[in-house]
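First comes the structure, then the notes that go with it.
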């Protein structure tokens with residue numbers, strides 16, 4: 001292994017203590033699943049996040065049904081990936097953020113599962129054939145991923161400070177000196193980038209403080225570079241981690257070809273900088289984000305991963321290696337240091353954390369081929385929902401409900417894919433902390449036009465002009481779908497009947513499944529499909545269930561330029577009549 005590669009890996013990992021990161025769109029799970037507590041139950045269920053246990057969104061499932069559709073995105077569509085990071089990536093740190101995805105082609109058993117039990121390849125939790133065939137058991141990486149990691153020697157050239165590394169395989173790292181496994185991920189691959197052996201992850205984008213490293217990151221990506229590992233003739237892994245020692249040990253150096261996709265974007269970290277000690281918006285007032293063009297990688301099941309690293313300049317991150325381990329380490333664990341004063345000062349430094357990786361992952365989603373009537377150059381924008389039930393304090397470090405993006409500008413003829421999901425497995429919330437049912441912890445959303453962003457009452461349907469058919473007629477069917485979510489309104493009760501049914505308990509009436517006004521008679525997932533934008537204008541909208549003035553705002557603005565119709569007029573005939581009226585008026589004046 002080249003010394004250069006070792007140094008690049010160290011640059012990514014020399015970090016400062018804690019730096020949580022949480023995905024908000026698509027929904028990050030932070031190792032949660034279908035559990036209703038404030039904190040996740042198993043911090044190692046699928047991966048090691050290193051994040052606070054309160055983070056993450058509950059499973060995107062409707063209670064009481066066997067199947068809830070998963071989110072999906074069309075190839076070539078634009079998806080706003082959003083997250084919050086604790087330590088800014090501003091001027092006080094060096095920082096890298098890496099976005100990747102993988103699908104069933106490189107992780108054949110990938111699925112969310114339902115239990116929170118770990119599947120980490122140890123003891124009684126070793127995945128069996130029954131586990132692999134049991135959709136209730138969650139997997140991201142495949143069992144062979146961890147098996148190869150356990151067999152392979154760790155990279156002995158890496159800087160490990162004064163930490164005692166209690167094993168020689170690649171599950172033992174400076175951050176993980178005792179070899180704790182999390183899901184089926186490889187700890188060395190998790191902690192270092194770019195990784196030098198095959199990985200199931202495909203690179204999307206890298207944000208970095210040092211943009212001069214971009215050519216290197218891009219060239220070393222498995223998107224474009226092959227990666228090798230040592231195996232026996234039957235394919236079982238061997239311990240050798242370099243080609244020459246592998247061949248000398250009668251092994252086969254098995255090369256995994258590159259994914260043959262474009263190298264990852266590499267962008268300045270200032271694009272997503274915020275302030276320190278802050279899980280909130282970046283300098284522009286929105287969450288940190290990246291506009292991902294969904295690849296032409298048609299798959300049924302995928303997961304997105306984000307990793308986050310901030311580095312210190314207290315020693316040369318680029319040149320440090322294993323020669324500075326142990327007694328030679330430039331920084332010691334929990335040191336008291338003499339700065340020339342009469343009293344040494346104690347430093348809050350853990351050397352297993354002064355170099356630390358944080359990550360979050362999404363629930364599964366699909367990548368679909370465009371419908372046959374949508375041309376490859378037609379633009380598709382995904383419009384989703386982020387957040388979970390509760391007030392701002394209860395949801396933290398997640399966020400309250402909002403549309404994402406909540407400001408979207410498109411051109412006439414473009415498509416908007418309006419789609420969202422939620423969960424019935426949030427913690428129980430008091431009625432004032434979340435509207436509607438059918439359960440105390442349920443998410444539901446709808447989409448209605450308003451007169452302006454400052455308005456909090458929907459526009460009358462007969463005056464709605466946001467969506468029209470291509471012939472210019474108002475798309476009344478779509479407005480009804482977006483407002484009522486395909487509920488079977490014949491089953492619903494009016495508010496008088498609901499109050500009578502629930503003994504005039506307003507909260508119980510609000511959660512009653514037959515209360516369609518609160519969107520209770522439908523599941524957490526809704527897909528409006530592709531909506532072609534044909535009307536020019538600025539269109540504000542909100543969710544009637546969740547937009548609660550002075551408590552929470554769930555609003556958005558869609559701007560359409562160069563549409564086929566003007567939002568002021570209902571159809572072509574109306575426009576023609578107006579033109580005729582203007583001409584008549586001009587003639588009369590003359």
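In case you wondered, yes, glycine gets a Cβ from its N, Cα and C as well.
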TODO: Tell me which range among 28-49, 50-71 TrEMBL lists as region 'Disordered'.
DONE: 28-49
Task: Positions whose Cβ lies under 8 angstroms from the region 'Disordered' (28-49), at least six residues beyond its ends - done: 22, 55-59, 61, 83, 112-120, 138-140, 176, 180-185, 187, 190, 305-306, 358-363, 425-428, 441
TODO: Would you mind splitting the compositional bias 'Basic and acidic residues' (33-48) into helix, strand and coil residue counts from DSSP?
DONE: 0 helix, 0 strand, 16 coil
